[in-house]
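Could you have a look at this structure, given as structure tokens, before my questions?
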């Protein structure tokens, strides 16, 4: 079949002359079958109907090609129908292939999207695990620092007790009995003496403090008379079973006196707590 016959057949099938001529030129004028394959592949190409850049001189206008060309014969109606059917099949096949290709691309895109989502979730999970691990390490370090701080306070109290024991003799943790009245008031003079000497006042270097807690239990400790009341409060905070439940005050019942923050800086002997006293814990 000649070029003109193939071009004529394509035009009779309903293809635009420029599109048909392009199909033949693109397939090297190998016949109508390759041209139909090319047309099926470029069915949606809007530029396929543009004029061919180089038109053969022996081709006439598309209106004249409807007649038989040089050395060619026109297609019969049966062959035209067969070629048209073949063309439709090719177009349908190309359409199906394109749909299958697009479906595979969508499936691949969905796989990539899921893979990226899984990777993102894994990254988020790793970040959360790292944050939780860091928070646990920070909490552990804080507890260790708190423990070390308490140890330092306990060591200081132990050193203070040992220092008091060296200065005043005897263990500081041993209870100090309240002085008896005979230690404070001098023995009365003989009845025959006309003049009575005034009683001498004894100076105490230590004092015994008993602290009654909210649950009825109590703590006892010996302190230096010159120590501040803050040392007693610290001792209560460190030795309270289970720890204090909140801020508290120290007070005496008789005479009733609630010690303030200013009193915490005053020595025990200045507050009248020497040689012994009972303090009561009360919630603020």
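Every residue, even glycine, has its Cβ placed from backbone N, Cα and C.
Please treat TrEMBL annotations as automatic predictions, because they have not gone through curation.
Sequence annotations record features per position, and here TrEMBL assigns domain 'UBA' to 1-42. According to TrEMBL, the region 'Disordered' annotation covers 39-200. Annotation comment: TrEMBL describes 77-88, 95-111, 126-166 as compositional bias 'Basic and acidic residues'. Taken from TrEMBL, the feature domain 'UBX' covers 202-281.
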Against which stretches of its own chain does the compositional bias 'Basic and acidic residues' (95-111) lie, if we need a Cβ under 8 Å and a gap of at least six residues from its ends?
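Non-local partners: 43.
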When DSSP states are grouped into helix, strand and coil, how many residues of the domain 'UBA' (1-42) land in each?
30 helix, 0 strand, 12 coil
Average pLDDT across the domain 'UBX' (202-281)?
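Looking only at the domain 'UBX' (202-281), pLDDT averages out to 92.
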